[in-house]
Amino acid sequence: YFIFIQDFSQAMSQAGSSQFQEVIRQELEYSMKVELDKILATAHSNEIEHTKKDLEGFKKLFHRFLQEKGPSVDWGKIQRPPEDSIQPYEKIKARGLPDNIASVLNKLVVVKLNGGLGTSMGCKGPKSLIGVRNENTFLDLTVQQIEHLNKSYNTDVPLVLMNSFNTDDDTKKILQKYSHSRVKIYTFNQSRYPRINKETLLPIAKDVSYSGENTECWYPPGHGDIYASFYNSGLLDNLIAEGKEYIFVSNIDNLGATVDLYILNHLMNPPNGKRCEFVMEVTNKTRADVKGGTLTQYENKLRLVEIAQVPKAHVDEFKSVSKFKIFNTNNLWIALSAIKRLQEKNAIDMEIIVNPKTLDGGLNVIQLETAVGAAIKSFENSLGINVPRSRFLPVKTTSDLLLVMSNLYSLNAGSLTMSEKREFPTVPLVKLGSSFTKVQDYLRRFESIPDMLELDHLTVSGDVTFGKNVSLKGTVIIIANHGDRIDIPAGALLENKIVSGNLRILDH
């Protein structure tokens, strides 16, 4: 994308005048408007209203995309955040909890970002419906956590799911099963934007439908869309009318993102009397997180900087754990009244992420997205809280799934906690090879999940299966070369071992 933008801007500068640039921009915007009007004209009467809102939102994003050139941060202006702008969690926790914590909880709404599909793990349908632990899905665990909270404190904390057009139908079918749980569940849909042809910068969709061959024409524009969609759905106003004041937003696949009473108390009863409108939970980087977005000080505001915004010459510096020690977990606490105020003023500023994709037929498209945390600079009195690593437990791959299914964690009321039997508080590094990428292949290769309490590092590559009750300790590397197969026998103990070659366990 940057190469494209550079070519675009070089052509512009060679052409000499900003007038010429403006003419090209206007032409592109006009062509886009014509195409979007044609698409809108194909909508049924019951679709017109929300399609119009979606396309209006897209038009604004496209307008900004044409205005911006190249990476959107000036590296020279990036500074380390001031000391007090990122507070250690221990300090927040040390304040303790007030007696009336229930009344504080009643002001909270839990929002889960539920727009993603499980395709990267070889599953059809919403990612939130993948079984994670004892047959429980991400969604089951979320509902159990909030139900436990509501029962323990006699409160009414609702759950709001931000679905996408990809996940909405399947999620709503499943919600029937929670009708008797003590959690009110609401949903709203994020926008549906048209993918654009990388060459022509025009939409590839010809009409509003998004089924059949048109599935690839549309996309949900990233979780930064939450502000506009939440506001447009009417749900934001309803929750404010019910007396709710803060939302706690997180990715549904982050199993560490549970409601934290100490952070909530800090928001509702700030020590200096001045409430924060936006809190971002950050945690210390490890080698696995060098690409994560980081909080910086930029033009006297806290600002989230993502790797895509960093000029090429500074990418290594950005990844350095010594200079940028923390990264964004995407666990965010945001004041509802502030979202309403900023949304009404059209004052939420998020950088555009240009996501290039190649469709099945080979067509190159781009989709314009935004990230929810990038809006931190638009809010007043923002704060970072450096939380323990345990609040960041995302399941993006089957390697992550192996960790959360294992005896490293115990499950209690929907929350996973690191087993007390593990001597080191750090999570082992697990790398499963391509034979394990899809959930069904992964499940087929483990007769039972190995004992991993004393594991530091596991690498598995090639055609490998595990029998029942295997124990892994220290560093274990298992490599089956092409054409070979390794069956780890039931009851095996592998401690600081490298296993390679061919090992077949035959039934007799």
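One-based numbering along the chain as shown.
Glycine too: its Cβ is placed from the backbone N, Cα and C atoms.
Here's what TrEMBL has on this protein:
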| type | residues | note |
| --- | --- | --- |
| BINDING | Lys127, Gln190, Gly222, Asp253, Lys396 | UTP binding site |
| BINDING | His223 | substrate binding site |
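Mapped onto this structure are the features recorded in TrEMBL.
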{"residue": "Lys127", "record": "UTP binding site", "Cβ contacts under 8 Å, 6 or more apart": "Gly116, Leu117, Gly118, Met121, Phe138, Thr167, Ile252, Asp253"}
{"residue": "Gln190", "record": "UTP binding site", "Cβ contacts under 8 Å, 6 or more apart": "Gly115, Met162, Asn163, Ser164, Pro220, Pro221, His223, Asp225, Ile226, Ser229"}
{"residue": "Gly222", "record": "UTP binding site", "Cβ contacts under 8 Å, 6 or more apart": "Ile353, Asn355, Glu369, Thr370, Ala371, Val372"}
{"residue": "Lys396", "record": "UTP binding site", "Cβ contacts under 8 Å, 6 or more apart": "Ser120, Asp253"}
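In the shown protein chains, 24 other C-beta atoms lie within 10 A of the C-beta of His223 (substrate binding site). The Cβ of Asp253 (UTP binding site) has 22 neighbouring Cβ atoms from other residues within 10 Å, across all protein chains displayed. Comment: UTP site residues Lys127, Gln190, Gly222, Asp253, Lys396; largest CA to CA distance 21 Å, whole number.
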